Amino acid sequence: MSILPIVIAPDERLITRASEVTDINDKIKELVNDMFETMYDAEGLGLAAVQVGVLKRIFVVDVQLETIENEPAGYGSTGKFYMINPEITELSDEQVILKEGCLSIPEQSHEIKRPKYLTVKYKDLDNEEQTLKASGWLARCIQHELDHLNGILYIRHLSKLKYDMAITKAQKIKKQHEQ
């Protein structure tokens, strides 16, 4: 396993839609393991393949933050998952505002409104289709990482003014990291 370099915004790869995984082979399995290792090293909750420069529809999440009181039956708010070719099949009408951050937009966090619950289907490393009902931070992380796979940075959910300010700050931080 290895720690992969994380792509920092602004970068074209972060706003490019990732392609479907057509063959779940040893290279994909190694990528998933490397992504978990990279995410843990960076102290993140999730990481999309595009964030390590691989334009494939894969992400990993590990949410052990909380459990939700009065959680709907069958929904989970914690867990460690990798998802290949994920697709949200259901989103709740109920929404919640929480602060989000991103490994590709370091040193920033912003309040983002997202659906509270979701259902997602995805492939596992055995090419079997799985379905997960998620809530809380797990649902939020899945939505955030799926946005990455669709070429959408979480700051796109902000007003234009706040987005522009966030990108300007990201550019300054990226220049500092490159020096």
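Glycine too: its Cβ is placed from the backbone N, Cα and C atoms.
Computed from a predicted structure; not experimentally measured.
Features of the protein shown, as given by Swiss-Prot:
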ACT_SITE  Glu145  active site
BINDING   Cys102, His144, His148  Fe cation binding site
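Listed in sequence order, Ala9, Gln108, His144, Leu153, Tyr154, Ile155 are the same-chain residues six or more apart from Cys102 (Fe cation binding site) with CB atoms under 8 A from its CB. Apart from Cys102, His144, His148, the residues listed for Fe cation, the same chain places the Cβ atoms of Gly46, Ala48, Gln51, Glu100, Leu103, Ser104, Glu145, Asp147, Leu153, Tyr154 within 8 Å of the centroid of those Cβ atoms. Listed in sequence order, Leu14, Ala18, Ala48, Val50, Gln51, Phe59, Ser104 are the same-chain residues six or more apart from His148 (Fe cation binding site) with CB atoms under 8 A from its CB. Neighbours of Glu145 (active site), defined as other CB atoms within 10 A of its CB across all chains, total 25.
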